[in-house]
Amino acid sequence: MEVWDFVSPVLEAIAGLIGGLAGGNPIKAAFLLSLYAFAMTSLGGFLVLAARTHGGRLDVLLDVGMGFSSGIMIVASFTSLLLPALEISGPGIVITSFIVGAIAVYIINEILPHEHLIKGYEGPPSFRRKVKAAWLVATAIIIHNLPEGMSIGAAASYAISEGLAVALAIGTQDFPEGLAVSLPVFAASGSLYLALLVAMLSGFSEVVAATIVAALIGYSPGLLASALAFAAGAMVFVVSYEALPESHRSGNEKLATVGFFAGFIIMLYLDTVLG
């Protein structure tokens, strides 16, 4: 038996289990699925414990992780979000919502003060000295994670199998993202507890976003197509504007590209099996 023949029924069984636990309620399903992303982000935060002895290797892991994350989000944006949206609604609404999603994240990115691991500070100059570096970094990761949480909520509202595919892929790439938030927080504050707390908070933001989006769609089912496309636009913007550029700024472009293709293939497989 090939590994693919084993994985497919396992994933289908997990989707059935989530559906049973949620009682067919998309809001509960979105909440349960997003807990995986929260757990993986939190676990990734513990990698900061190795920062003192393996700093150089952690830089490589961060770049590969960002590339991996980008590959996953690009495929998920199209196969799990845009294509389902086009099945529900016309291209006009889908394209408009896609663009609005990208613009919304851009505006949030410009308004909220935050700090990237490599690019440094972004936001209103007046806030740069007023907000502690640890929380600037946390804000950056939360901005990055909100579209991911929205995607889980929107996909789960469309179908639990789609939600599972998105949640598994996003949760897996959240493991290096946990390090991406905890490492600079630890460097800025010197507090291991604060670094782990911020990593957990950034992961929890996905749970909140997923649940809210699913609740909004449950309240107004007509929003489903727009929500799917909006989340796709937000994720594509994050990939193009932040994730890929960040992964290529430390001289690890080749490894980051390998990570990108690995994420691309994994997400494509998950969507093929569960779609």
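One is the number of the first residue shown, and numbering goes on along the chain from there.
Glycine too: its Cβ is placed from the backbone N, Cα and C atoms.
Sequence-distant contacts of the transmembrane segment (29-49) (same chain, at least 6 residues past either end, Cβ-Cβ under 8 Å): 18-19, 21-22, 58, 61, 145, 148-149, 152-153, 156-157, 160, 163-164, 166-168, 170-172, 174-183, 186, 192, 195-196, 198-200, 202-204, 206-207, 209-211, 213-214. Residues or ranges marked as transmembrane segment by TrEMBL: 29-49 (among others).
Counting residues 6+ beyond its ends, the transmembrane segment (61-82) has Cβ neighbours under 8 Å at 47, 94, 98, 117, 148, 151, 154-155, 162, 165-166, 169-170, 172-173, 175-177, 179-180, 183, 228-229, 231-233, 235-236, 238-239, 243-244, 246-248, 250, 252, 255-268, 271, 275 in the same chain. Per TrEMBL, transmembrane segment is recorded for 61-82 (among others).
Annotated transmembrane segment per TrEMBL: 88-108 (among others), in sequence order. Within the chain, the transmembrane segment (88-108) has long-range Cβ neighbours (under 8 A, six or more residues past its boundaries) at 82, 143, 146-147, 158, 224-238, 241.
Annotated transmembrane segment per TrEMBL: 129-146 (among others), in sequence order.
The feature transmembrane segment is assigned by TrEMBL to 192-217 (among others).
The transmembrane segment feature in TrEMBL is assigned to 223-243 (among others).
Among the features that TrEMBL reports, transmembrane segment is placed at 255-274 (among others).
Using a Cβ-Cβ cut-off under 8 Å and counting only residues 6 or more beyond its ends in the same chain, the transmembrane segment (192-217) has close neighbours at 26-27, 29-31, 33-35, 37-42, 44-46, 48-49, 134-135, 137-138, 141-142, 145-150, 152-154, 156-157, 170, 174, 177-178, 181-183, 185-186, 223-224, 227, 231.
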